[in-house]
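Read through the structure below, which is laid out as structure tokens, and then see the notes.
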């Protein structure tokens, strides 16, 4: 229930603890807000009053502080007026003074045995009040069982439940003062109080504690309000003066240890009453910290809410999302400082440790909400700096500037711009470690540098590899095709020359990339390895065509002489020696292609191949002397690593068998041509047979001379034979055998005679026409002869292509006969 004073509503009174002992926290909050208590900081005092029921406590407070507590109406009898605890604001007193009117003790309404509420309210008054007024009847002083002794005993007993209590001022107000001087009353009261203090059972920690450590005892006396009202009011006015500036040094409430700031008073009172009602010991220092924690937390949360809805912050946050913001750090710092300053002002009277901790939490919470924006700003700066580095580096490289120098210059410029933006963006409240974000930018720059460097190095390496490939592939192939003894020596010289030149030039090009020695050496080593791989690849490619190359080499040596002129097999050539030379050349070609010899190590491949394949069979004498086993009965070569092996010994053996099978026909054909040439030279009988025929045929010869007709027939036969000789290449026919030659001549004899007769008839007719018409001339005989000679050479060539096939000869004859017809 609220009551207002008659002075314009400046005094507010509210019941905060009901008769049932429950505290109304909402009523206390309303009182504090209406009275303006939260804004007072530490400039306020709390006064409470204890005393027997009906002792005039409320009347004293109303006259002393101008409050409007309900007073007892004496005309209606003496009864309980104040129930529970009431609160009000003192009127016209500075500092701001809170007045608590407590329910009287020793009331009949609660009974003799129900003293729990008395102790609870007394403990509450000691815990929250700077000044505790104890209202006493003057006529009870000096009595052993008067009301003042139980009241003081109650105060001292509940005092023991306060852990490290602060020093409280006990103002003993003696009511209805008699003629006894005040000093005697004061002495008697202090003696009684000391006796009560000594008799009260105290905890071990306070057994030897003096009363002065806990209380500052003051005594005053007032006349009877009912009998001497004017004097009472005058004395109350004098007492009122003592409450002015009560919290100042030397004031009535001089001990201000553990005071709760005004904004936390309601919360503190509520929590203290809760602990008292639960019958627990009250730890005021810990309670002070708890109240500070709760209030500072509330204030911090309020400031955080206001910050999150701040228009300036919302505009700044929106601007950051769209791009970089100039002076971001300064603008954000101004907003944060304003709310932190407000927090400091509102919490300046709370416990310093709690206040500082909650301030840090507030600052951290606000920064947590601003951190995404700060990260966005830094990300913008990061992107801008990285893009600047990339564009500057590309431009520098296009201008042919050295790679390492360009990277260093562009990186310094980009990081410098990033640092400047970072200083503008970072807020002073954050202990920002700029090295982290700078290292991140440097890492991204280094990643881009590595990417560009790798691309440039790959391009440079590819160029030099192509240069090496062009310089080695063709010449190596040409040298391998020659198959000479010094082919690999020439290849080694070529390989070393090209590799060294390329390596030196490549190393000079790498100097601009500022690579470490290990990296440079590795890249040069890779280039050398590429050169070797080119030689190996070309060697393996040629080794795959070794059979074809061997046959080409064999046919070249077999069919051409030392002057590279085509051979004519006249029968005088040493075909066996030529064939051996041709096979030896092919074998040496296979020896060259059998293994890679870039290491200039001696080997026995050539001798093994010649010994095993050319110098006889497995029982040849040379082989038995040099090799104790078959040198080709293995899958590896001696002194040659598997990596450098192109053709294994077993493969060489197989290739050689195939080679011999495919070249035997050429050798046999050469032998046939030699044999045919020899036979063409020996188609006439021997000289002794001719002499014998001349001697034995002398009579027949003389017979022909004596008979001209026989001689004419012989002449005609000779002419006809000459014509046939001119018509056919008789010598060529006899190269392939006498029988086949005679058969061919006989098959073509009749068609030839018919042609001759036809030619004679045509010549006769032409002669007649020429005689009749001089404009035509007979065809020259040599033209016909030339035509016949051409036809005859074609027939010979055709015959040579199939010299061993009688059926082929017959078909050729038939074809020619058809053509002549």
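Backbone N, Cα and C define each Cβ position, glycine as well.
Your range for transmembrane segment, going by TrEMBL and the list 652-673, 674-695, 740-761, is 740-761.
Your range for region 'Disordered', going by TrEMBL and the list 547-601, 767-821, is 767-821. The most densely surrounded of the binding-site residues 53, 55, 58, judged by C-beta neighbours within 10 angstroms, is 55.
Least packed by the Cβ count within 10 Å, out of the binding-site residues 51, 52, 54, 56, is 54. Cβ neighbour count for residue 57 (GTP binding site): 28 (other Cβ atoms within 10 Å of its Cβ, all protein chains included).
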